[in-house]
Amino acid sequence: MVRLEKNDPLMLARQLPLKTVALILAGGRGTRLKDLTIKRAKPAVHFGGKFRIIDFALSNCLNSGIRRIGVITQYQSHTLVQHIQRGWSFFSEEMNEFVDLLPAQQRVHGENWYRGTADAVTQNLDIIRRYGAEYIVILAGDHIYKQDYSHMLIDHVEKGARCTVACLPVPVAEAAAFGVMDVDENDLIIDFVEKPANPPTMPSDPTKSLASMGIYIFDAEYLYDLLEEDDKDENSSHDFGKDIIPKITKAGMAYAHPFPLSCVQSDPTAEPYWRDVGTLEAYWKANLDLASVTPELDMYDQNWPIRTHMESLPPAKFVQDRSGSHGMTLNSLVSGGCIISGSVVVQSVLFPRVRINSFCNIDSSVLLPDVWIGRSCRLRRCVIDRACIIPEGMVIGENAEEDARRFYRSEEGIVLVTREMLRKLQIKQER
């Protein structure tokens, strides 16, 4: 048993994570990302040149001192499981450290898979209890942010809360996609509504609503009792946002934790960074922001590194083609194993092993691993899925009608290209 030094914040920051287990909900399909998630769960989607989305929640746990982690999986989990096995298998069993994969197995309710976010935890309660944690951190595996959970744990303990919900002001126009809360002067949550049609505004700012980030801390035994009670409720949807948090709020046991208090950022004057990259435009925009001169998310902070599975790849190469054209980039991220031959890449993100042949112009695009671009192509405002082969002379992103006919084009004009779409155009996808 770790004795808490409640008067010493530094000691609390070290001690509380040792008494904590993090559960990452990573079974979501992410339908708003369209064909990007047909063959992979949203947390397994590539992001930022070399990472997967789930790497951010996992890295936050590691950097916060939480080294007992359960990852709850369901939809199209193979890619996600493989990534975690390859990139996150360094924890020490002798030190009681682990990343435990918890797939849906129909273990509790016969033919039912996970019926909701809360049920995903309920169906694994027998395993989770054996972890012997005093605190449980519930995390979404599909958000991009940097947060020190030890600071949120301190806030939870000092307030005497049974449940703490991380929150962030969002524009009212966007609030309908979140759980929205109202709090008193002590951060006690006095009202909570999940995805309201008419979101209530913050008294201090009528243009904003106070939104739940889907990050929760519970006293462990309190959570177990709640979930067992919820499991027996036939009228429940077994979801944290729809059922559990509103119930705790009515009991006066839930507190809010302002995200700026635990957000990790290099520039303390900057706006706290948190993104739900759940739509194609949000995903494209968040990736391209990383390639800007001063990105909102600092990926180069050595004090808070983002880990991932590291392949052994040669350096990126920019070469002159036989005609004398130079391969060059501007304001772009280019990962290992990429070769740019006699082409220009501007404000784009290239994942590992991308090959761009001569006379191409790539602008404001995201190219996932193993993409091959033939000669004389022009790509603008695109997301090209893994291992796509773009044939010589293809133009994408310049003709809205043509893009919508061949590929998926969002309302904002972002074009998604997949191997299946190219095959339907009779374009061979094997080299």
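Each Cβ is built from the backbone N, Cα and C atoms, and glycine gets one as well.
Leu422 (beta-D-fructose 1,6-bisphosphate binding site) falls within a helix when secondary structure is assigned with DSSP. Taking the Cβ of Leu422 (beta-D-fructose 1,6-bisphosphate binding site) as centre and 10 Å as the limit, one finds 21 other Cβ atoms among all the protein chains shown. Look at Swiss-Prot and you will find Lys39, Arg419, Glu420, Met421, Leu422, Arg423, Gln429, Glu430, Arg431 tagged as beta-D-fructose 1,6-bisphosphate binding site.
Long-range Cβ neighbours of Arg130 (AMP binding site) (same chain, at least 6 residues apart, Cβ-Cβ under 8 Å): none. The AMP binding site annotation in Swiss-Prot covers Arg40, His46, Arg52, Arg130, Arg386.
Residues or ranges marked as alpha-D-glucose 1-phosphate binding site in Swiss-Prot: Tyr114, Gly179, Glu194, Lys195, Ser212. In the three-state DSSP classification, Tyr114 (alpha-D-glucose 1-phosphate binding site) falls within coil.
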Return the member of His46, Arg52, Tyr114, Gly179, Ser212 nearest to Arg431 (beta-D-fructose 1,6-bisphosphate binding site) in space, with distance defined Cα to Cα and candidates limited to these binding-site residues.
His46
Looking at beta-D-fructose 1,6-bisphosphate and its recorded binding residues Lys39, Arg419, Glu420, Met421, Leu422, Arg423, Gln429, Glu430, Arg431, figure out the farthest C-alpha pair and report it in angstrom, whole number.
21
Spatially, and counting Cα to Cα, which of the binding-site residues is closest to Arg386 (AMP binding site)? Options: Glu194, Lys195, Gln429.
Gln429
Have a look around Lys39 (beta-D-fructose 1,6-bisphosphate binding site) and count the other CB atoms within 10 A of its CB, chains all included.
15
Pop the Cα-Cα gap between Tyr114 (alpha-D-glucose 1-phosphate binding site) and Arg40 (AMP binding site) into the table, whole Å please.
17
Gly179 (alpha-D-glucose 1-phosphate binding site) and His46 (AMP binding site), distance between Cα atoms, whole Å
26
In whole Å, note down how far the CA of Arg52 (AMP binding site) lies from the CA of Ser212 (alpha-D-glucose 1-phosphate binding site).
23
